[in-house]
Amino acid sequence: MSSVAVLTQESFNEHRSGLLPEQTVSVAGQDEDALPTYKEAFPPLPEKAASPEGTQETANAWTSKIRPLKSSIITQVFHVPLEERKYKDINQFGEGDQAKVCVDIMHKTGAHLELSLAKDQGLSIMVSGKLDAVMKARKEIVSRLQTQASATVAIPKEHHRFVIGKNGEKLQELELKTATKIQIPRPDDPSNQIKISGTKEGLEKAKHEILLISAEQDKRAVERVNIDKVYHPFITGAYNKLVGEMMQETGARINVPPPSVNKTEIVITGEKEQVALAVAMIKKIYEDKKKNATTIAVEVKKSQHKYVIGPKGNTLQEILDRTGVSVEIPPSDSSSETVILRGEPDRLGQALTEVYAKANSYTVSSVSAPSWLHRFIIGKKGQNLAKITQQMPKVHIEFTEGEDKITLEGPTKDVQMVQSQIEAIVTDLVSRMDYAEISVDPKFHRHLIGKGGVNINRIKELHKVTVRIPPDNEKSNLIRIEGDPQGVQEAKKELLELASRMENERTKDLIIEQRFHRAIIGQKGEKIKEVRDKFPEVIINFPDPAQKSDIVQLRGPRTEVEKCSKFMQKIVAEMVENSYSVSVPIFKQFHRNIIGKGGSNIKKVRDSTGARIIFPTAEDKDQELITVVGTEEAVREAQKELEELIRSLVRVQMIYEHTRTDLTEALVLLHITMYRLSSQSVRTHKVKLDQCEDLGIESLNLKFLIKLCGLHFSAAPPAEAPIQENGEANGEVKEPVDPNAPKKCDVIVISGRKERCDAAVEALKALVPVTIEVEVPFELHRYIIGQKGSGIRKMMDEFEVNIQVPAPEQQSDKIAITGLANHLDRAKEGLLERVKELQAEQEDRALRSFKLTITVDPKYHPKIIGRKGAIITNIRTEHDVNIQFPEKNDENQDQITITGYEHKAIAARDAIKAIVDELEEMISEDITLDSRVHARIIGARGKGIRKIMDEFKVDLRFPQSGAADPNLVTVTGRPELVDEAIDHLLNLEEEYMADVVENEAKMAYMRPSGGSAAAMDEQRGPSKGFVVREAPWTTGNEKAPDMTSSEDFPSFGAPVATKTSPWGPKRF
């Protein structure tokens, strides 16, 4: 018998809309068999293709489109032994010259460097980046952080070009590969010596490679002998003595690969007889050692291998020299601890004894010491530890953070002495030192520290303790206090009191117009200091002037903040009363006259009226406006006094001109220019020469010239001479005169004593204009002329000359200067100086045109630009560059172009990369905030959300209207800042939700009765529901869904009409 399930109409209203009409009839009117089954009413979705072929095709279709990704970043580790370190000062690890060199290498190569110090004081450097950058960084590390050795290798001159290679590529490759600097003599230098500088290991590799190249080119006699690597030490001998003797004896060059090169081939070059002799000697040694030598293997701890090897392998060479036994050490990257000794049987015992002696000559020990005492043992800047290490330099002391022990490594006797000294120090510190830990919310840490560390430094000095406050990225509540037991307890008490006081702290924003901020602060902060002294517990923060903000923030105890707020509002009210202002326009050149000598004039006006008089600064647009500020009465009085000062400023300028016919009728042109406020009136008078004295004109050039020379001018032409008018005498036409003869109107007659006449002639000649030419490149002419001729007019006025620039079509480089002789030199010098300035500007423009393109993911572009372009404007201003982002229709949307000086463009690029790196480290987290509080959090015009984003340095994204989840809010930023912002948002939600619930409770009593959706449903009556057979909940132990349960069937609001479909409504 089949089972029947009934579901209410309200829950499955949408499903009913998708069925046929005959399926919705009442159950009572049809047989049970006619009811639809659950699978018929709700067909299952189609399953995935079951055939393996189809699956395989799908996989191939996807995988064929995916390209394998390979990282272009590689990491290599380089080790610099202690004896080869250039900077060996342990106290300056991580700082000083070594750190500067590493930073410089990173900037030069683009690779990333991480330094660490090994137990043996060797320097381990991990280099990350692209292969080319890593190789360049390696070369820089070797040349700048390792001590350099040098060597020379001689190869035939004709082989040098093969070492250099095509375009120098072989030489560059060789230098990068061996991390050395190779200097090859020039072609005109007869020397065949190639100089190599670098580390010892690099020298051996480079020398080996160069000799190989030479040997390959030397076809006279080259012999390659394959000898097992383990027998190479017997052929070279201790300190390469044996191979040197063979080369000296045979005259052949023998190249044995160094131990660091894993090659078995020994190359011999030279004359055939010499090569043959050398090969025979090498093979004889090899056969002899292969026949007679035996091996023994011993286990030596991996940590002691370096003591067997010795500095630069000297210990191994020493054992080989004394015993004739070769000691084979496994590579450093191998985990094997087996050391193999190879040599004559009767010598192995002695060699084994020396190996164990070297291995056991050093020991490792540890001293128990609480980790919090480690820095006291080390001392300030390592002073305590330096005393011990200076006495026992061979002992290495290692402090491990978080561990209560100190590790010592070095010679046994020295280690024992150092151990006893450190144990004594630890015992002394434990007896007189104590520590305490307190828990304080991280948001109060910066307030405990104070501005510039003033609070925490005061506590440290007062109680003679050290206080460790964890950095923000640790997210830790624990503050650790260390020092004298009594001081620790007193500092703990004071810090807890400060934290408790901060919990009761309040922040208040005062709205004060920005124009009053400077007056409230006062000159050098004197006035605001008085306010802060009056309210020492209140912190007063003024906004940056560039922000144009009116908000002044007060923070401190609640009561003190209220008192300070009222006090500052009273100050502002007084300022508003005394802030009446009037602007008086006065020409810039008269400002100094208004001020007076030593400020006497302006001080008198200020003292008599009580008004403040403000002159324009260099940044002001209008340089001619003087502002008078104060009460209205004082301002009006000060304005009148200023106007009286201005009326007294009159400038009289006098210029003379003479007629050609009669100097006694010379006229004096008198300009009197009166400046009153911003208006200018000019009066011009013409007077006769004999009136000059009546006018008080004593210094005119013409009158001075007459007095100087003791001359007189003829008052009128002789009586018998006819008066000429326009070339006619008494109306009769005169005979034509010589055209080259000077006209009488151009002749000035001077009579008097000869020496005085000569002086007058010279003086008059000095007044005759002269023309000179100056050579100026044609392309600079338009810059000299300036916009609308302003440039050339300025020069003509300054030097009192006329400057003629040739027309553009002439393409001439000559510029003519006309004027008095004593003015020409200054004008020429000024013109040439202007030419130099223009040429310098041209060069500067060329330097500023350097372009740099960087690739940045377009999604980061808005963040780089910043709100209203603030970030990118700051970068442009700071580095003085132009930064161009791609247009919307550009092909390369990820290209950003930087234009400017090369070094500044690179600096701007680094600044953008730093922003991108920071953005790549950011994370995004989604949180659920009730949508009813979103508007409160955002605030009016987004003020609230901007404040949160500025405070926590995060980005907030609220859902758009119609979003699938209206409560979902996305927070983006650095991990630690995102956590802080989320906590703050959740606190705000909790606070605002209380208001929302209260408001909804009030609105429930205000809703109109009747007409609701529930009432309409009740009027319809109960529904019989939708009936199906063989439902899942009827065939097993499951219960039928409870239609009245709000958990099983939550309300999603009013139903939305959707387009009908056999499968029910579409879901998006």
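Backbone N, Cα and C atoms are what each Cβ position is placed from, and that goes for glycine too.
Note that TrEMBL annotation is computational and uncurated.
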Message: Can you identify, from 19-60, 145-186, 481-522, 1027-1068, the stretch that TrEMBL calls region 'Disordered'?
response: 1027-1068
Query: Of 264-291, 572-599, 628-655, which range does TrEMBL call coiled coil?
result: 628-655
Query: Any contact between the domain 'K Homology' (432-500) and the domain 'K Homology' (147-215), i.e. 3 or more CB pairs below 8 Å with pairs at least 6 residues apart?
result: no
Field: For the domain 'K Homology' (768-836), the number of residues DSSP places in helix, strand and coil
entry: 40 helix, 15 strand, 14 coil
